[in-house]
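A short worksheet on the structure shown next.
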Amino acid sequence: MSDHLVIFDTTLRDGEQSPGAAMTRDEKIRIARQLEKMRVDVIEAGFAAASNGDFESVRAVAEAVRESTVCSLARANEKDIARAGEAIQPAAAGRIHTFIATSPIHMEKKLRMTPDQVVEQAVKAIGWARQYTDDVEFSAEDAGRSELDFLCCVFEQVIKAGAKTINVPDTVGYNLPEQFAGLVRSLLERVPNADKVVWSVHCHNDLGLAVANSLAAVRAGARQVECTVNGLGERAGNASMEEVVMAVRTRGDVFPVTTRIDTTQIVPASKLVSQITGYPVQPNKAIVGANAFAHESGIHQDGVLKHRETYEIMRAEDVGWTTNRLTLGKLSGRNALRSRLQELGFVIESEEQLNAAFARFKELADKKQEIFDEDLQALMSDEVVTPEQERIKLISLRVCSETGETPQAAIALSIDGRESKVEAHGSGPVDSTFKAIESVMQSGASLLLYSVNAITGGTDAQGEVTVRLARGDRVVNGQGSDTDIIVASAKAYINALNRLDTRAKRVDPQGSTV
Ligand code: KIV
Ligand code: ZN
């Protein structure tokens with residue numbers, strides 16, 4: 001059995017299925033480049049058949065990435081598989097990941113198919129996929145609640161049809177570690193030709209066990225883990241990539257495998273994903289939380305100073321906490337900015353784009369002494385918007401907030417190039433700003449989430465605000481950053497409104513049909 005553990009990152013697909021986490025093509029390319037730099041083996045870039053936009057994103061990632069395999073998800077039907085096959089065509093190494101549900105409840109209630117029909121469809125799907133690539137992965141959706149005999153039968157047939165990776169998803173996060181390891185062990189023992197394929201697991205975190213289940217499966221013989229940066233994903237999320245990778249590395253005494261991940265790229269990847277999706281990382285999150293390596297108690301601090309390993313099992317620098325801190329300042333020039341942006345994965349396509357970024361950089365450098373990578377990422381995410389995403393722009397904002405007085409905001413917006421000015425009162429400066437925007441826009445959207453994070457340390461840090469809006473069945477996140485958090489809030493709200501207008505309808509891969 002191989003001692004290489006394949007890291008299959010699905011941040012751009014399952015991660016994107018988190019409410020409001022939909023990413024633009026350019027955002028996906030930036031994350032994909034960071035995943036490639038981190039030496040992820042397989043990048044699941046999306047579900048190509050979901051919409052034209054999703055197709056374009058998978059294709060763009062397939063064009064941009066050279067060192068990792070690029071994969072598209074596809075339901076087990078000919079049309080989806082053709083879209084996936086076309087989308088991965090430019091990849092240096094491309095994979096099609098096709099799936100069909102195998103649990104009694106999914107087959108009967110969702111697919112309305114008999115077990116025999118499911119096996120037949122799965123086998124056909126492998127045949128269709130192999131017309132595009134030899135690297136075909138098959139997933140038995142809801143394997144965690146499927147019957148073992150039936151799973152063995154499906155897997156036997158898809159292996160015979162040519163699937164190279166067999167994925168065992170705990171789609172609803174129902175399993176417990178010992179039970180899930182037992183399932184993987186039984187499959188490896190019972191499925192004919194099990195030794196000819198790579199066994200993979202894909203665990204959801206509904207009971208907080210996604211990482212534990214994945215690791216138990218690795219000890220039972222799985223050699224691919226599907227995971228996401230920061231554990232992003234449907235509902236409670238997927239297994240967190242950084243936790244899986246660092247557990248395997250830190251406990252090499254227990255795990256008979258290694259990954260090829262450059263762990264120093266973990267924190268930059270975490271920050272990038274958080275910044276792009278608007279999903280903040282909780283401070284006490286393992287590995288990538290701001291407090292993951294902070295020692296508050298005197299006893300711990302004393303111990304660490306005497307001998308680091310008294311209280312630390314990993315080194316902060318090994319997961320990237322000290323890399324990428326290179327700063328730029330007021331005196332840095334255009335070339336320094338260009339090269340740092342390029343290192344961060346931004347493509348500077350024209351002098352105008354660089355000029356615009358440089359002007360914003362100078363504006364920020366006037367307000368803030370040191371500019372960190374995170375500041376540049378925030379600055380560029382404000383910059384990288386397509387014209388159709390920018391129907392509404394902030395021109396100016398004035399907010400009055402005084403003890404004992406009702407806060408008031410006066411805002412000027414440009415809407416399709418026409419200026420509108422309005423004033424509104426609210427219960428606080430942010431509330432009055434949002435009310436002012438809404439009195440012009442009348443979007444009918446409801447505010448689901450408002451969160452503020454400091455991008456870096458210090459009182460001159462930029463505040464990064466996330467606003468999540470819902471209208472009908474659409475949910476979008478908007479981000480804004482500024483050294484003034486009320487301005488950042490206005491930018492985030494406007495960004496969400498722009499996205500609400502432009503986001504196209506997509507097909508849910510795990511919806512009701514095959
Ligand atoms: O959770 C799941 O079952 C999935 C499959 C499509 C692999 O995401
Ligand atoms: Zn999933």
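Cβ from N, Cα, C; glycine included.
When the candidates Asp14, Asp26, Asp416 are compared with the Mn(2+) site entry in TrEMBL, which names His202, His204, Asn238, the shared residue is Asp14.
Least crowded of the binding-site residues (Asp14, Asn238), judged by neighbouring Cβ atoms within 10 Å of its own Cβ: Asp14.
The Mn(2+) site is set by Asp14, His202, His204, Asn238; from the centre of their CB atoms, other residues of the chain with a CB within 8 Å are Thr10, Pro169, Thr171, Cys203, Asn205, Ala210, Glu226, Cys227, Thr228, Gly233, Glu234, Gly237, Ala239. Neighbour counts were taken as the number of other C-beta atoms within 10 angstroms of each residue's C-beta; across the binding-site residues His202, His204, the minimum falls on His204.
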